[in-house]
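Visitor: Starting off with a structure, shown below.
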Amino acid sequence: MKFAIKQNCIFFSLILAFVFSISYCEAQNLAIPKKDTTVKTIPDTLLFKLQTAQSAITEINVANKKGYQTEAIKKQIDAIQDNVSPLIKSFEAKKELDTKSLLSYDLILRDADTQLKSIIAILVQNSNDLQKMSDQVVTLSNDTLLKNDQKTKELRLYQPQITEIKSRLQAAGKLTGDNLNQVNMLLASASALNVKVNNLQTQTAERLEISGKQAWSKRDPYLWQAPFQNPAHRSTDNLIKASFQGQQQILKYFIDSTWDNRFLAILTAITFFIWVRRNFKNSRRAAIRRQIGELKFEYLKPFPIFSSLIVLLNITPLFEPDAPSLYVELIQFLLLLVMTVHLWKVLEKKQLQFWIILISLYAILILGNAAVDQSLPFRLVLIAINIFFIWMGIQLSRKLVFKEFSKKYVSWVFYILIFMNLLSIILNVFGRVDLAKVTSLTGVIGLVQLIGLSVFMQIILDALDLQMKISSCNKGIFSRISHDKTRAKLKKMLSILCVVLWVMVLMINMSILGGLWGWATEILSKPRAFGSIHFSFGNIFFFITIIYIANKLQKHVPLLFGEERITFNEDSGHKGSKVALVRLVIIVIGLLLAVMASGLPMDKLTVVLGAFGVGIGLGMQNIVNNFVSGIILIFEKPFRIGDYVELADKKGKVRDIGIRSSKLLTPQGSEVIIPNGDLLSGRLVNWTLGNDFIKTELIFKVSAESDFEEIRKIISEMLDDAENTVKKLPPEVLLNNITADSLEIKVLLWINNIYVEAEFKSDFLQQLVKKLKDASVKIM
């Protein structure tokens, strides 16, 4: 008991001692004062702010160093100002401008407006960015930490960094402010110029509307009322100067803005030069020269520099359809000059004199068309030129023949020339001088175009003749096609191209091509709806065009692979299925491109494919079956082009393997079209898959008194000497049947070419009859 009490007392004493020790420690902790932690916090805050400021200043400096292309933008604005200034002077100098000038001005102003809007958008974005950076600089400059002048212990530790940041921040603020001022000045300049351009566009639109309404109205005095000189208040010098400044600016602007299209035209002409030059060099090789002899081309020379220039000047309207009329007029004038040099030795003396007169009068018309003089002498000179061209049109329509073009088309050109000049005289007399100049020049340009395009066509045809001769000697593609048919087809295509070029130049000169093109573009691109399906006529046009081109290409694929037309009587060899495979690829690619060009959405296309599937289930099984069978035939290759096959009662040589059907050429010369489904599912016999051998038989009867062994010997000797037999496979001469008065003999032999079976039998039987008669064997 005592021991238990003693143990309890000891345990209680230990507990009290532990509690007192904890209390004493707490008292000691309370007695010690807490350290101030603000000393550690302030340096960390300073460091964070300094790092933030340095990062912001670095970003601002990087953005400023990259620059905002102020110099380049200023040059663009100045270039636009240079383009627009002559137009402003022209508007101020002339109260009335002709339609061609107004259309050219409208083109320049539209492009200027587009460029200025793009420049303004860039400048606005740059101004906003610079303004944000400027505000950021101000915010950093007003930071209390950077502005604090108290020299505390902590600030003294970071004083070098703070000083450097203040200096960099001041430089960044100055640079940002300078850039912002430059950008804002350019923005103000671009905006002011854009306002001027918009005003000029409004004036141009108004004058075009008035010009369209008053195109045939009287603007000048009648011829008998015309003054001998221009009125004093309309100085001729100032008007001519303003007019030519405007025209010069139009040309300069057009040439500078359409260099890419012009580069393509020049590249085409360079390609033509290299092509012709290379063919002439090849023609000098001894092996080729012996075959083609001496080359004589009237319009094509071994060094075709002028021929290439003629090609370039003729195709220019195709690459630059939006060219101003003055540009086209100058192109036609250059074409006349180049043709003069090119045909100097070809033309006779009288023809050359006539040609020079034509060039001179055409140059006068160009100058007169740009002039603004409405005085009586000028109008009389214009009438005299009109009379000369009327006389020229009558004389040329009777005597001149263009072998490159149909006579009826050439006659229409002369009729237009005569009509336009007659109309010009009438308009001149009754006070429509501007319209008279346009109609007169249009008729003459039609004549110049006719001459230039005739030379152009002859140059292209001569180049094609040269290519066909060289290709035939080298066993190229032209050695496998008819030269006459190829030339005729190319001539037809060139005729269509020449008609298009002639009409384009005529419309450009009359300033109606742009309007017609815009009208056609609007019709083709206008969105239309058929139920829930949205489309445009342009999508349909491209869809049909792509399908048509793909179909034409797949038809002419054999020529690209050297495939000759299969005939029955000749051994044309076996052609692989690569032609059919390429055809399939062209059709699939053409179909995919056509679907993409149609603009049909995928969800609508799914509906169409679903309807197509229903159509297959209802009535198109055979078409799809033949199509799929054609694909299987291409890859499985049970027969090739040139194989001799047999299907049911049809025998013949495979001429073509198509996607839907294949063609057989029978021994009778007829072509049999067999669906691919029948070829795949029917019992097809291919006689020439592995080789062209065929086992044939000959049956004939002789007298019963004849010696069979002697006949066997005669036949064996004949077959040993015969051609087209397979020597490794010996023939068999068998006694097939016996009657009271005759023996029936059957001859089995192998022929190495199935296509000569009938010819071999004929020749062999003729020789056999002769041999048997010599051997006194009677044939029954």
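Any Cβ shown, glycine's included, is placed from N, Cα and C.
Curation plays no part in TrEMBL annotations; they are all automatic predictions.
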Visitor: In TrEMBL, which of 173-193, 299-319 is labelled transmembrane segment?
Guide: 299-319
Visitor: If I take every residue in the domain 'Mechanosensitive ion channel MscS C-terminal' (697-778) and average their pLDDT values, what number comes out?
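Guide: Its mean pLDDT is 84.
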Visitor: Mind checking which residues of the chain, 6+ beyond the ends of the transmembrane segment (378-397), have their Cβ under 8 Å from one of its Cβ atoms?
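Guide: Non-local partners: 223, 226, 358, 361, 364-365, 368, 371, 410-411, 414-415, 417-418, 421-422, 424-425, 428-429, 433, 436-437, 440, 443-444, 447.
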Visitor: Determine how many residues of the domain 'Mechanosensitive ion channel MscS C-terminal' (697-778) DSSP places in helix, in strand and in coil.
Guide: 35 helix, 25 strand, 22 coil
Visitor: Do at least three CB pairs under 8 A connect the transmembrane segment (529-550) and the transmembrane segment (299-319), leaving out pairs fewer than 6 apart in sequence?
Guide: no
Visitor: I'd like the per-state residue tally for the domain 'Mechanosensitive ion channel MscS' (622-688) from DSSP, helix first, then strand, then coil.
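Guide: For that range the per-state counts are 21 helix, 26 strand, 20 coil.
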